[in-house]
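> Let me begin by handing over the structure; questions about it come next.
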Amino acid sequence: MSEMNMTDAAVRSGRQIWPQPRLRVPAKLVTLIVAIALWQIISLANDHLHFYNAVLVPSPWRIVAAGFALAKTGELFVHMGASLLRVAAGMAVAIPLGAGLALLVTSSRKAEVVLDPIIELLRPVPSLALLPVFIVWFGIGETTKMVFIAYSAFFIIFVTTVEAIRNIEPILFQAAGSLGLNRAQTYFHVTFKAALPQIMVGVRLALATSWFLIVGAEFLAANEGLGFLINFSRVWFQIDKMMVGAVVIGLLGLASNYLLLLLEARLFAWRERRA
Amino acid sequence: MSQNVIFENVSKTFPGRRGAAANTVIAGFSGEVAVNEFLCLLGPSGCGKSTVLNMVAGFAKPTSGRISVGGRLVRGPGPDRGIVFQQYALFPWYSVARNVELGLEAKAVPRAERRETVERMLRAVGLWAHRDKYPKELSGGMKQRAAIARTLAADPEVILMDEPFAALDAQTREHLQQELLSIWEGSRKTVIFVTHSVQEAALLADRVTILGRNQGQVIASLPSPLSRPRNRMDDDVIAFEREIYAWLKQAEATGVDAEAA
């Protein structure tokens, strides 16, 4: 058998299926820029015509200026750092715990019987509902925020991982068995490897939710953080600063999601995807 | 080392769901596949030929009776019985070479020897140049070549093949049949090959066993009169095809009888 009679066309077409990570932005970026420009133009017009109260709806430029002012004093970075650290710490606990328990529950009937009912009972309770409880238990320090984020993210990662493992094609396990892979080897080479892309999707979803929730937590119990910045600025009626907090949270969420997408595209180049 | 496979009065019944009657797919199946024999299992769809193969592989447990390989009772999947699936079942997250290496790793073969075997197997199936590719980058025929290399590399005592070429186009199928034969003739092994193609059975088999629709009863077990190598266009190959075809028609007819009865 020579390699010459290999179906060349198929090889070539196979090459072309390389997934292009779907991170193309330019066209959509234009939309964004136009919208912001429009908002700025309306604000400028309003400065002369006064058809709405400019203090309540600051112009994009005033928000940027407020952002620069906060950055200059370093205040912005203190808040950013605080929120970032809380989200990171929570995720650092939630990822191994969620993925680990999911692997355990799907591989051991005993673990499933013990853990699954508890997890299913707690899962529908919105984690925000438990935040006051966490504050009573752990005080208003960093522990509370980390536990809160970890708790919320855990369920998302756990559920997506369990789902991923249950959807692995049985034929792959049959192939592993016939190749003589033992339980641990099958676990690593089939279960874990097959579930990994879905676990990453779970991580992305959990991260998005964490950015969401950290703001709520910082409204209630914090002396710094972007949520604190927003709430504290409300008290002083500094709407531009409130907007800065909201925009920065959005940007952090966007950036972290983008980084994870890049990582996925690199890590899972083996995936069969056309999109 | 190659081994034989012995079926002793094997039956398989799938329990009926929600009050439906239980479905006996195989009843009282007995026979032997000799060491180094290439057996083709042929029969109308639904005759239970894949069930027989799954039981040898250890994926399904016989309801009664015993299957043994080299005198050892089959109790579950194991590396002594390699299987090639119609759907390839390659691990998509590993390169071709890593797929082939995995069975050797499971056997704790030393790294240097592993590398050597992987290269030998991939050269045998003409995939050495594609060793670093992921399965998704391969055509169907190449995927099946990789799957065959993976199974052979683990050096099983018996090779089970479940309609391995059924999903391929006619030309690729012919190539792969020839390649399989030349590899098999180079180092013989016991093979149980499930197919629904009369032509394939005539070309490959030492013996063709035809199962009927009625609980997998053996309609005929035809030793091949053909010498090797074979050419699919030779008159004696076509004559054997005719014989197999006649028996297959009869197998389908018994099915109809059984349904009428």
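Easy rule for this one: first residue shown is 1, then count along the chain.
Positions of Cβ are set from backbone N, Cα and C atoms, glycine also.
Remember, predicted model here, so these are calculated numbers, not experimental data.
According to TrEMBL, the feature transmembrane segment maps to A:25-42, A:84-106, A:118-140, A:146-165, A:201-222, A:242-263. According to TrEMBL, the domain 'ABC transmembrane type-1' annotation covers A:80-260.
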> Report, as numbers and ranges, which residues of the same chain sit near the transmembrane segment (A:201-222): CB under 8 Å and 6 or more residues beyond its ends.
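82-83, 86-87, 90-91, 94-95, 98-99, 127-128, 131-132, 135, 140, 144-145, 148-149, 152-154, 156-161, 164, 228, 230-231, 249, 252-253, 256-257, 260-261.
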> Mind checking which residues of the chain, 6+ beyond the ends of the transmembrane segment (A:84-106), have their Cβ under 8 Å from one of its Cβ atoms?
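Answer is 112, 115-116, 119, 142, 145-159, 161-162, 165-166, 187, 191-192, 195, 199, 202-203, 206-207, 210-211, 214, 217, 225, 252.
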> Who are the chain neighbours of the transmembrane segment (A:146-165) in space, where the CB to CB distance is under 8 Å and they lie at least 6 residues beyond its ends?
86-87, 89-91, 93-95, 97-99, 101-103, 105-106, 119, 122-123, 127, 130-131, 134, 138, 191, 194-195, 197-199, 201-203, 205-207, 209-210, 213-214, 217
